[in-house]
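Scroll down for the structure; my scribbles are underneath it.
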Amino acid sequence: MRQLLILSLSVLALAACEREDREYRANPVTSETEEKIALSPLSAGPSGPTEQRSGLGQQYEENAYHIAQGKRLYIWFNCNGCHAHGGGDSGPPLLDDRWIYGGQIENIVQTIREGRPNGMPSFRGKVPDDQIWQIAAYVRSMGRNVPKPAAPGRNDDMHPGPAEQRRPPGEVMDGGQIPPAAQMPQ
Amino acid sequence: MGGARLALGLTLSLILQPALPIFAQPTPPQPAAPPFVTGPEDGQWVIPQKNFANTRYSDLSEINTETVRNLQVAFTFSTGVNRGQESAPLVVGSTMYVLSPYPNILYALDLTQPGAPMKWQYNPKPAAAAQGVACCDVVNRGPTFANGRIYFTTLDAHVVAVNADTGEEVWKTKLGDINRGETMTMAPLIVRDKVFVGISGGEYGVRGWIEALNAEDGKSVWKAYNTGPDQDVKIGPTFKPFYDSDKGKDLGVTTWPADAWQQGGGTVWGWLSYDPDLNLLYHGTGNPGPWNPNQRPGDNKWTAGIFARDADTGEARWFYQTSPHDLHDWDNVNEMILLDMEWEGQPRKVMVHPGRTGFVYVIDRTNGEVLSAKPFHALTSVTGVDLKTGRLQTNPEKEPVNNRVIRDICPTAPGAKDWNPSAFSHKTGLLYIPHMNMCMDWESVEPNYIAGTPYIGAEVRMMPGPGGHMGEFTAWDIREGKELWTINERFPLWSGALATAGDVVFYGTMDGWFKAVHARSGEVLWQFKVDSGIIGQPTTYRGPDGKQYVAILSGVGGWAGSIVSADLDPRDGTAAKGFVNAMRELKNVTTKGGTLYVFKLP
């Protein structure tokens, strides 16, 4: 009886643990996800733009493993060369709340994949699709637009600021500002 | 007896000497501008450097130490672009030429009319994507006038020639590929029928070069790389470097790990000088790529040094490396001011070069011998220059180690002084150096070469140097190798200097003050607050009405000011390659701009 109790309690305790899912088999480089999203909150007609998200974005940005992988890949693919550790350089900052080309994870995936006209290179065919999602998930964590437990802790390198996990929750301002130099007066 | 009298005499003279300077050795004269730039003042300002010797001095003296306090705004003009304005307003005849940062619009203003209305504008429409491979804001350092044309570079690596009267494009040549990180930001130099230009992109693993184009049609005349085999570098039998470390075959290959020279940097984006008597063109070479020195054991020839080349053929004559195996991004692109001076009793043709390494170099420009190198900045990472070998002496404690943060390295990655040019007064014989007072922490990390993306491998954060201020404006005695006076500024100085015969020297600050100071005492005689921070190059000219004018572009930006011009986030100290860590306050004192200010006396 006592043994049965211990056994059932153990089973219950183990069942209470939720393990993060990991995709061990990634998609090949050539395939890419297709999310139906808009770049503008405005649409023809009063109903707002038609968008359809598969839910993949949420899976990525709520998953600590994916975000941690994204942080590593962010360096590997030289994202920090232009965006620093979120503060920006030749590329715009990523830890602030202004998103020129949309701040949802699906927008960020699209920006990485296709590039943007004022200097963001296109990484299509250069970075596997799941890694693009991981990088985008990490970018979302910079302004703490991901759940706190999933965001990375402090790293061993030079501290540019507090760790992603310790930042206050961010917000996303759609639209942001087009780089002023892109506005040709003529 | 005779000996005793001599001894007495010697003792007396030793005692009396301080009181009777007439018996002392006559002090040699101050350095002077070479004869090829000391002709009568024409009242124009046709190239950013003012002349081939890069002195940035005008003989105009209507604005002088007495009258300067009455200086007032004559007219203003918006460049329409609010990124960093590093350019110099030019004046040719009765027309002023102003060049904006990307998208590199050239404006011509009619000085004969009240308010200097626009005559025309020319827009080269550079590729917008070039903004993504411009390391340090989308700046341009100025147009150049010659042969009835205005020549300038565009951010997407084109060189254009525009008819100076009509604004019509004469030719436009593509010299680089933005997909490999190649851009252009420098002011060309035109000597007779040749246009000299170089490539930018030292932070993107670009293999640096300088090219001579035919001024008539833009066709290439010669091109010399700054890394790789001797043939590419244009090193042949006439190459006679002064120091042994620069002698040998194919050093541009053998002083690198295998093939690393192909992404080795050594770009040309700074100031060119030219000596018509020697027919030598002088240009600096930028930092080696990547910044992390542990990736590239060896001296990394021919980066971070000075080349003297035959202007007709491009053949190298001598080379001097200011930072062999560069540790901290010390490009050698700063201005080289050509002067004549007496050195140890002998007349020497020299170049004076305030370098990023923290020293003012005096170099014999005929053969590349370093005569002196005296510090003008607080130093922790370097200790001096060995004049026997010419080699920079570094402090081993401050040398980068992979994945370790090394603290308090002075000077910083932009150096004791970056691109912003000094001025030499032909009248006082002094050099006026706008520079920095900063230190940094540096962590070398392994970089990854992906063409068209940065190739750096270092985490940096900068901070103010000793004293807490970040900028200094220094009057420098070249002969003695020491400062005469210094004005401290809160922010780094990123503007050029201008010297005039009125004994007034001009410069601007990043918090938006345009200042006129006494060339001899350093007293601030006049200052004016403009709409944004100043990182441009002041120029002066005689207008069609015969009066003297002073012109400056305001509009903060550049590497130091990109926190404002590119809206960077101050919470990340490593933003803008570590400059943001020191510049957080700039957002609270100035905003973006892009305005020409021209001043005159009432």
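The backbone N, Cα and C atoms fix where each Cβ goes, and this holds for glycine too.
Where the annotation comes from TrEMBL, it is an automatic prediction and has not been curated.
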Given that TrEMBL annotates B:GLU203, B:ASN287 as binding Ca(2+), state which candidate in B:ASP156, B:ASP244, B:ASP329, B:ASP340 belongs to that site as well.
B:ASP329
B:ARG141, B:THR185, B:THR267 show up in TrEMBL as binding pyrroloquinoline quinone; which entry in B:GLU86, B:GLU315, B:GLU335 does that record put in the same site?
B:GLU86
Have a look at the disulfide-bonded residues (B:CYS135, B:CYS136) and report the one with the fewest Cβ neighbours inside 10 Å.
B:CYS135
Recorded positions clustered about B:ASN287 (Ca(2+) binding site) [Cα within 10 Å; pool: B:GLU86, B:CYS136, B:ARG141, B:THR185]:
none
B:GLU86 (pyrroloquinoline quinone binding site): which of the recorded positions B:CYS135, B:CYS136, B:GLU203, B:ASP329 is the nearest Cα neighbour?
B:CYS136
Go through the recorded positions B:GLU86, B:CYS135, B:THR185, B:THR267, B:ASP329 one by one and keep only those whose Cβ is less than 8 Å from a Cβ of chain A; report them in sequence order, or 'none'.
B:CYS135
Rounded to an integer, what is the Cα-Cα distance in Å between B:CYS136 (disulfide bond) and B:GLU203 (Ca(2+) binding site)?
9
Could you check which of these recorded positions, B:CYS135, B:ARG141, B:THR185, B:ASP329, sit within 10 Å of B:GLU203 (Ca(2+) binding site), going Cα to Cα?
B:CYS135, B:ASP329
Identify all same-chain residues not among B:GLU203, B:ASN287, B:ASP329 whose C-beta atom falls within 8 angstroms of the centroid of the Ca(2+) site's C-beta atoms; report them in sequence order.
B:CYS135, B:GLY202, B:GLY265, B:GLY286, B:PRO288, B:GLY289, B:TRP291, B:ASP331, B:ALA413, B:ILE456
Neighbour count, 10 Å Cβ-Cβ cut-off, for B:GLU86 (pyrroloquinoline quinone binding site): what number do you get?
29
All-chain count of other Cβ atoms within 10 Å of B:ASN287 (Ca(2+) binding site):
30
